[in-house]
C-alpha cells in the first residue's frame, strides 16, 4: 500500500487496455451475482471469490482452509486465495468486450474530445457510433473523402460502383477507433499552428480548441484510441455491495444491474458472432452493448436513462462521484466521526470562559476507552473486557476515574451551520447532571447560538497532538477577537448589559448622596445596609485603590463617583483607569480631573456642579474589552469577561426590570400627526387625479408621507421618554430592541411590504399597545411572512456563496516571511459620493508600509518603509493630514500559491503579525460569507423617478461582484483620459452624447436620456472613469485600465455593500478573494515559447515560461489578464481534485485525464480528499519535521495559556 502521508503528487490519465488488464484479477464472464439458495457468490460472476477474494477473513470458499496460518495459500479445490476479506474492496476484475465501445465522457462531453481529435462533428460521431451511418476510413483510389459519412443505401451503391475492397468504410465504435489510431498528432499540431498564423474568427476559435486537445494528448502520452474501450474494468464488489434485508430479499447497488446488462449483451454478441449471424442482428447487438456501457459509465447522458423498479433512473459510476451525495462531497471531504455526541444546549452562567458542562452519561460514553485504561491501570479490573463490563454496569468507582480523565482533556463544541471558524471551539469539560450541554453565555455570539432548543455537537480530540492544538489554539478563551474585523466577538449581551447599565446609572438626590467612604468595603457596607443607594453620588478615597494609574495631581484626594461605579471598577483590570464616564477619553487617558475634590472643598458643591453621566452601554463595554485585550492579551481578558458577566447577571437580577403595558407610553399628539398625513395624502391623490403627476410619482409621494409621519412619532417618542422606563433602559443600553421596535409598541407600525417586495400604500396606523384592527392584522401578517421566506432563501444563497468563496481561496496560505516585491497599493479612504464608507485609519491598521510616510507639512518621516502600522500609528498618520499611503498588499504579493506575511499584515483574530502556515484564504472566505445572511435580498425599486435602473444591493450585488457578472444598471465609462468638452442631448433618439477630448483623440459616448450624469462639461476624467451613475462592468474596466485598478474597484464595491449594512470586514479578506479572480492570463502570442495561443494559465507559470526564453534571447510570449468569477476560477484551479469535488465533476475529470494532469496537492481540499494532513498551520512541512530536544537544553517559552490555573 502507498503510505498516504508520503506521496508528493497524484496523476490521472486514460487507462490503456494493458493497464486495465494489469489491474484485473480475472475476467467476469457471467452476469450472476450470488446463489440465492446457498448465498455464496457464483463462479465467474460479479461477486466471484476466485477473482475478488474471500468473503470471510482467512477462509476459502469451500472451507478447506480456515485460520490465519494458511495465509497466502490458494485453495486447490475452489481456487480462492486465503487472505483478508477486505481485499474485496481493492481487487478489480474485467470484461473482454467482443466489440469496441466508445467512452461516453469523451464522446458526449462539451466540447466533444473525440470530435475535436478527429475534426468531426458530434452529430456525425453519434451516427457512426450508434450504427446509423458508415464512415469512410480509407478511400484508397476512389474519389470518396476520408471521414465522410455514408448511409446504408449510399454504402451499398458505392460498393457496387467501385467494387468490393476498393475502399474501407465501417460503422460503430470500431470505425472511430480505427480513425483515432490513424491520427498523427505531431503532424496535425504542426498543421494547426501554421493555420493559426492566418486564421481569424470562428475558424481560429475552432483551431485553438483542436490544438488544445491534440497538444494535451501529445504531451501526456495518452493515445487517442484509448478513448474507445476494448476491455471494461469491473470495480471491486464491496464498492457495489449486495446486502440481505430482513425479509430475505436482497438490496444491491444499481451498478450490479448495469454490469449485468453489459455482460448479458456481451455474451449474446459473442454467441451471435460464433453463429455467423446476419450483419443486421450483430449490428443491433453491438449498438445495445454500446448503450449498456454508456449507461454504466454515465446513465442518462445520452437518450433516456435506464430505469430500475418504480421507473427510478439507475445510479451509474458518474453519479457515484457527482453532487452532494457523491463520493467527493459525501465521503471524502466530510466524514462522520467517532467519539462524538449531540445534545440540546442550556445556559451555564457559572462556567468560566474556557469551560463547558457535559452531562455525565455523555462523558462516560465519550471517554470510555480512557476510563477503561485507567480502570485496568488502577487494577479495579483484570483486563479491558472486565473494565468495559464495569463501565456498562455503571459501577460507582467509574465516576471518580471519569473526573480524573477529563481534567486536562479539552473537548470541541460545534454548532451547525458552521459559518466561520468560531463555529468550533475547545472547552474544558465540567461534569454536570441532566442531559443538556451547558454553554458559556459569552460564546453564544460566536456560535450564533441561543437557548430556544438549539443543539450542539461535541467531539473528543484523541491524540496528544490534537489535545495540545485544541488547548493552545482553539480554546474558547483564546477567541476574543473576530477574524473578520479584529473587534471583540465576546461582548456581553442582554441581561449582562442591562445589569451593568443599571449598576452604572447616576441619579441626583438619592439616599446617601455626598457620603465619603475610606474604601470599597465601607461603600458596599453602606449600600447593603440601606444607607446609600447604588446610584447616589458619593466620595471615595483615591488611596484605597493604589494600583490604578492615577495622575500625581489626583493622588491622596477624594473622588466623586457612585456606589455602583465603585463596584463596576472593582472588577476591571487593575491597570485600567478608573472609569467614571462612558467614553474613550476616560478609558485611554485616565479619569477627568473634575471629579476630584481639592482639599477643604465641600463634596456637595462639587456634586451639584457635575452633570449626570449616562450609564455604560453595550458599545462602551465592547470598547473596554477591546482596550483590555490590547493591553493584557488573552488570559487577563477572559478572566475579566467572566467577572463582567457575573456582575451583570447579579445586578440585572437585583434591578428586577420588568415590562408591563403601563410602561409603554402614550404619545400625546399622535392623532394630530396622523390627521396631517391623511390630509397630505388626500392632496397628493387630488393632484394625481388632475393629471399633475404620474402614478409612480404619486406612489413615491404617498409612501414618503407615511414614512415621515412614522418618523415624526418616533422623534416625539424620544423627546418624551423617561430614562428610568424599563423598556427605554433595555433599548438604550443595547440589551434588547431598538427604537424601531419601541415605536411599533408606542407609535405606529407603519408601512408593510407586500410579498412581491413592493411597499403597500396603506400603513398600519395602530401600535401594539392600542392593538390592530382585523385589516391591519392581515397586512401585518402579510409582511411578516415575506420576512420569513426572505430569511429562508437568503440563508441558502449565503451558504452557497460561502462554499464558492472557500473553494476559490482554499489554497491561499501564508507561505513565507517576505516575498520581496517592490510593488505596493496606494490607498485612501473609500467614499460613496460624499459619504465615507471606510476611513483611511481603519484601512491602515495592521498593514505594512511600502514606502515611508512623511508629514505633509513638516516633511518629518512618520513611519519608515516596510514597517507595521499599529492602531496608534494609523491615528497619528491620519491626524497629520496624510490622505493616501502606499502599503504592502495581497494584490501585489509575489509569493506563489499563497501570500507572504508582510503583504498580509496582522492576523485580525490575534492582533499579532500573521504566522507562516495560516490558512488566510479560508479565513477570508468565511469572513465574507458569514455576514452574508445579514445582507438584504432586495433589489430596490426606486419608483421609476430617480433613475431608470434598479440599484442592486445586498447579497445579489455581492454575488454579482464575485461572479464578475455584468452589473444591472451599468455605468458608461470613458476609454480616453482628458476633459469633458460637450454633453449634447438628442431628443429624437432619447439619448445624450458625451464628448471627451484626450491627447490622442476625441471619445464619443452615447448615454441613455434618463441616466444621471456623474460628470459636467470641463471635468477632467481618467481612463475607466464612470460618466454616469451606476456600477462599472469590471471586465470592461480591465480592458481600459490595468489589473490593479480593477482589483481596487472591486474591493471598494464589496466594502460599500457590507458597510452600508453596518457590517465591518477587513480589507485584506476581500483582497485575498479578488486576487484569486485575477490569477489567470490568456496567451495572445506565444512568441518563441511552446505555449499555445488562447491558453488560460496561471500568471506565475506564464512568467516562468517567459523567463527561460528571455534569458536565451528569444521573443517572449504576450498575454492579457483575465477576470474570472469565483465559480469559474475554482474550476480552473491547477488541482483537478479540488475542481472535481466542487462542481461539474465529470467535465473536470474528463479534461484532467486527457491532459494527464498532475495534482501537486498544494491546497487544503486535495489533501483532505486523499486523507493527508493539510499543508496549513501545524500541518506545514516546516512545522512537522521537528527534532525533539531535552527540556533543560532550551528555555521554556511562556505561552499565554488559559487553563484551570487561571482562576
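Sequential numbering from 1, following the chain as shown.
Note that Cβ sites are derived from N, Cα and C of the backbone, with glycine treated the same way.
Cross-referencing 444, 819 with the Zn(2+) 2 binding residues that Swiss-Prot gives (893, 900, 903) picks out 819. Rounded to the nearest whole angstrom, the C-alpha distance between residue 62 (Zn(2+) 1 binding site) and residue 450 (Mg(2+) binding site) is 61. Cβ crowding, taken as the number of other Cβ atoms within 10 Å, peaks at 454 among the binding-site residues 450, 452, 454. Candidate binding-site residues: 60, 62, 893, 903. Fewest other C-beta atoms within 10 angstroms, 62. Spatially, by CA atoms, the binding-site residues 454, 893, 903 include one closest to residue 75 (Zn(2+) 1 binding site), and that is 454. When the Cα of residue 903 (Zn(2+) 2 binding site) is compared against those of the binding-site residues 60, 78, 450, 454, the shortest separation belongs to 450. In this structure, the C-alpha atom of residue 454 (Mg(2+) binding site) lies 46 angstrom from that of residue 819 (Zn(2+) 2 binding site). The CA atom of residue 450 (Mg(2+) binding site) is located 39 Å away from the CA atom of residue 900 (Zn(2+) 2 binding site). Of 60, 78, 452, all annotated as binding-site residues, the residue with the shortest Cα distance to residue 893 (Zn(2+) 2 binding site) is 452. When the alpha carbons of residue 78 (Zn(2+) 1 binding site) and residue 900 (Zn(2+) 2 binding site) are compared, the span between them is 63 angstrom. Cβ environment of residue 900 (Zn(2+) 2 binding site): 814, 815, 816, 817, 818, 819, 893, 894 lie under 8 Å away, each six or more residues apart in the same chain. The DSSP secondary structure for residue 78 (Zn(2+) 1 binding site) is coil.
The Cβ of residue 75 (Zn(2+) 1 binding site) has 20 neighbouring Cβ atoms from other residues within 10 Å, across all protein chains displayed. Taking the mean position of the Cβ atoms of 60, 62, 75, 78 as the Zn(2+) 1 site, the remaining same-chain residues with a Cβ inside 8 Å of that point are 61, 63, 64, 65, 76, 77, 79, 80.
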